[in-house]
Amino acid sequence: MRINPTTSDPEVSIREKKNLGRIAQIIGPVLDVAFPPGKMPNIYNALVVKGRDTLGQEINVTCEVQQLLGNNRVRAVAMSATEGLKRGMDVVDMGKPLSVPVGGATLGRIFNVLGEPVDNLGPVDTRTTSPIHKSAPAFIQLDTKLSIFETGIKVVDLLAPYRRGGKIGLFGGAGVGKTVLIMELINNIAKAHGGVSVFGGVGERTREGNDLYMEMKESGVINEQNLAESKVALVYGQMNEPPGARMRVGLTALTMAEYFRDVNEQDVLLFIDNIFRFVQAGSEVSALLGRMPSAVGYQPTLSTEMGTLQERITSTKKGSITSIQAVYVPADDLTDPAPATTFAHLDATTVLSRGLAAKGIYPAVDPLDSTSTMLQPRIVGEEHYDTAQQVKQTLQRYKELQDIIAILGLDELSEEDRLTVARARKIERFLSQPFFVAEVFTGSPGKYVGLAETIRGFKLILSGEFDSLPEQAFYLVGNIDEATAKATNLEMESKLKK
């Protein structure tokens with residue numbers, strides 16, 4: 001059991017027990033601290049500066065040691081604003097890395113990078129804490145079986161399946177349903193896998209973090225009446241925070257997720273929004289520490305930092321962490337070092353399409369642009385693979401024919417092409433699905449569709465068995481039986497109108 005430095009003994013007793021240094025230099029969020037000879041703190045140790053500024057306001061700044069400079073000095077990066085600090089102030093070496101609360105007490109709460117609650121709901125139980133710096137699981141602990149992580153979302157499970165313990169890149173602009181998809185995944189992992197989720201908001205807008213929290217409360221993902229029944233813990237280090245906080249908030253979220261995997265032996269979903277901001281913060285810190293920049297001004301340690309984070313996200317024999325990472329691509333340049341380094345770690349990509357969202361097809365996952373390394377016959381089986389390939393071929397042919405249809409109309413197509421278009425439109429609509437978390441907005445009950453049901457449904461559409469049914473019957477339904485029932489209802493309604 002470890003004690004969190006941010007919530008430990010009173011200041012006086014800390015000073016008696018701990019190593020004391022003094023601030024020698026302040027350059028923005030970077031502090032140089034001098035310690036007595038032979039009492040240098042280790043790399044990654046937490047340092048705490050306490051005192052009062054010139055206006056009498058209390059100061060409590062936590063820093064992390066990054067470099068040992070010689071002459072009994074260390075260079076540390078602050079995790080909060082350094083206003084009010086001055087040379088000569090006392091600095092306490094906590095003797096260990098930053099530690100954050102873990103376990104069930106974190107569910108339904110919002111934390112900052114230090115593991116302090118920022119939601120005004122009172123203190124958190126800090127009896128169980130864990131350091132944010134750890135090594136990745138040893139090779140012998142890893143679960144090397146390739147298994148699909150079933151989400152209950154048809155378009156994902158069929159065309160770009162997630163790997164259990166894998167990493168998925170989520171690409172999408174504003175307003176195409178990224179938040180709703182994230183919340184549905186959080187909901188489904190809790191119901192189908194008995195798992196929990198951790199959301200790491202890394203360097204994104206505070207407004208978006210607040211909106212997500214409000215929507216989670218509205219949709220029941222966070223249970224205000226009984227926080228222990230919530231399905232997610234939130235960790236935020238937003239745009240306005242110093243680079244140190246933005247660089248470490250991903251590790252704080254990951255540490256909370258690791259506890260659920262290793263101690264509670266659960267399947268965990270870890271969301272990182274946005275992984276690019278993690279790299280960006282590392283770049284800022286690197287420059288402040290005086291390192292020579294690498295390509296495009298990024299830090300020379302880019303691959304190492306990314307690898308250290310990503311290698312901890314994996315399946316072990318006890319449980320799994322499956323990570324979904326929103327990826328911002330600067331200037332849409334996929335060769336930029338930040339997204340290029342991220343791609344090397346991804347097992348699947350889920351691309352959200354504005355065109356599909358405009359058509360009202362939700363989730364607006366692009367079936368042709370989304371990819372997965374799991375979609376191989378030896379992993380998913382011949383039936384799944386063949387069905388997915390046929391669906392993609394049909395949709396691709398429809399995409400090719402759209403220009404001809406726009407100019408000449410459907411009637412100018414061959415009989416075979418018209419049949420392909422009709423089936424593709426049914427497939428496109430059948431890829432939509434009502435979500436549990438959207439029930440409060442749409443009034444339609446959410447649907448969880450198992451993988452076997454999904455494959456059966458698309459095989460029947462491709463076989464031509466439902467060529468006679470109207471395409472509206474396939475829109476926003478769960479499995480194929482609901483589509484046939486909806487078609488019967490539509491037929492009865494049209495007869496009554498006549």
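Just so you know, the numbers here start at 1 and follow the chain as drawn.
Cβ coordinates come from backbone N, Cα and C, glycine included.
Residues or ranges marked as phosphothreonine in Swiss-Prot (evidence: similarity to another entry): Thr6.
What Swiss-Prot records for Ser13 is phosphoserine, and it gives similarity to another entry as the kind of evidence.
As annotated by Swiss-Prot, ATP binding site applies to Gly172, Gly173, Ala174, Gly175, Val176, Gly177, Lys178, Thr179. Non-local contacts of Lys178 (ATP binding site) by the CB criterion (under 8 A, 6+ apart in sequence, same chain) comprise Leu170, Gly172, Ala326, Leu352.
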Fewest Cβ neighbours within 10 Å, where candidates are the binding-site residues Gly172, Gly173, Gly177: Gly173
Sequence-distant neighbours of Val176 (ATP binding site) in its chain (C-beta under 8 A, six or more apart): Leu352, Ser353, Arg354, Ala357, Ala364
Three-state secondary structure, Gly175 (ATP binding site) (per DSSP): coil
Neighbourhood of Thr179 (ATP binding site), C-beta criterion under 8 angstroms, separation at least six: Asp211, Leu212, Glu215
For Ala174 (ATP binding site), nearby residues of its own chain (Cβ under 8 Å, 6 or more apart in sequence): none
Packing count at Gly175 (ATP binding site) (other Cβ atoms within 10 Å of its Cβ): 11
Residues close to ATP site centre defined by Gly172, Gly173, Ala174, Gly175, Val176, Gly177, Lys178, Thr179, Cβ within 8 Å: Leu352, Ala357, Ala364
